[in-house]
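Undergrad: Provided herewith is a single structure, encoded as structure tokens, for subsequent inquiry.
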Amino acid sequence: MYKQGEPNLWTGRLDSETDPKKFRHFQTVTFEDLSKLEKSSTPSGVGILGYAVDKGVALNKGRIGAKEGPDAIKQAFAGLPDLNQCETLVDYGNVYHDHEELIDTQKEFATLAAKSIVNHRQTFLLGGGHDIAYAQYLATRKVYPTQSIGVINIDAHFDTRAEQQSTSGTSFRQILEEDENTGYLVLGIAQGGNTQSLFDYAKEKKIDYVFADELLSHVSPTIKDMIERFIHEHDVIMFTICMDVIDSAFAPGVSAPAVLGLYPHTVLELAKRIIPSDKVSSVSIAEMNPTYDADNRTAKLVANLVHHFLK
């Protein structure tokens, strides 16, 4: 079920009503009905769409609450300064789960997300469970029907479980099994968060991955080269971040809190190797769970990541 954006989420400190250099995002955001959006001749600005769904998390036996993530992130983002002076910033609202099967919600989200990708230079998709990634893939493939898609996931988990239905832990297996014209790179894998069968599947499918232990102090030249090579090998890049990759000291409000997770600045450094590429079609950020957040710490962290990602 799709609902348009809520203007009352977008509030903040008012420094000026006339000087754009003093504006914050809540002063520049607009709201549109994405279901009625016509294709523009030239992509411009930024589109934001929320995936207010945690059904996939529940099916994956995780902590529910991530369906409240998109609105919490938007509220935190609203008060940040508009340093980039975005040509357009549109909140398209959220998609909610009201179908019998999760896959139907993912398809509904994909149809809408594809419209944002076509119309904007940057599209941010805010979760919600990491089943958002499969919906993001469907949207990407809709926009780019024949191109090779490189999926880059900053995550503690492979999320390549074999299940009978779509969950927050199956997205990337679904992608790889359904589409031979895709590749998968995972940055931040937790050795204690993945079974041997998942490592075996990664070997079988030639999944590139980097352990969290390799990213604790800095991003090495070898890893930078791996990222650049992966981007070069694909026509389109689908970029996604699962917030459970970040140590719970910094990101307590997630579906599965990380032990020995990454530092936020490491995630930011990794993302800055990816975001500048013109091949990036969209960015999703998943598993922000306000139920377990402390002082809005995780919501603010996601908001600031998006703020840094703006071109």
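Using the three backbone atoms N, Cα and C, a Cβ is placed for every residue, glycine included.
From a predicted model like this one, the values you see are computed outputs, not experimental measurements.
As annotated by Swiss-Prot, Mn(2+) 1 binding site applies to His130, Asp155, Asp159, Cys242, with the evidence given as sequence analysis. The Mn(2+) 2 binding site annotation in Swiss-Prot covers Asp155, His157, Cys242, Asp244, and the record cites sequence analysis as its basis.
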Undergrad: Please list, in sequence order, every residue of the chain apart from Asp155, His157, Cys242, Asp244 whose Cβ lies within 8 Å of the Cβ centroid of the Mn(2+) 2 site.
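TA: Here the nearby residues are His130, Asn153, Ile154, Ala156, Asp159, Gly188, Gly193, Met243, Val245, Ala256, Ala286, Glu287.
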Undergrad: What whole-number Å value do you get for the CA-CA distance of Asp244 (Mn(2+) 2 binding site) and Asp155 (Mn(2+) 1 binding site)?
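TA: Answer for this pair: 7 Å between alpha carbons.
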Undergrad: If one looks at the chain holding His157 (Mn(2+) 2 binding site), which residues at least 6 apart in sequence have a CB under 8 angstroms from its CB?
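TA: Non-local contacts for His157 (Mn(2+) 2 binding site): Gly169, Ile189, Ala190, Gly193, Asn194, Leu198, Cys242, Asp244, Ala256.
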Undergrad: So if I measure Cβ to Cβ from Asp155 (Mn(2+) 1 binding site) and keep only same-chain residues at least 6 apart in sequence, which ones fall under 8 Å?
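TA: His130, Val186, Leu187, Gly188, Ile189, Thr240, Ile241, Cys242, Asp244, Val245 - these are the non-local Cβ neighbours of Asp155 (Mn(2+) 1 binding site), listed in sequence order.
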Undergrad: Other than His130, Asp155, Asp159, Cys242, which residues of the chain come within 8 Å of the Mn(2+) 1 site, judged by Cβ distance to the Cβ centroid of those residues?
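TA: Apart from the listed residues, the neighbours are Ala133, Asn153, Ala156, His157, Ser168, Gly169, Ser171, Phe172, Thr240, Asp244, Val245, Ala286, Glu287.
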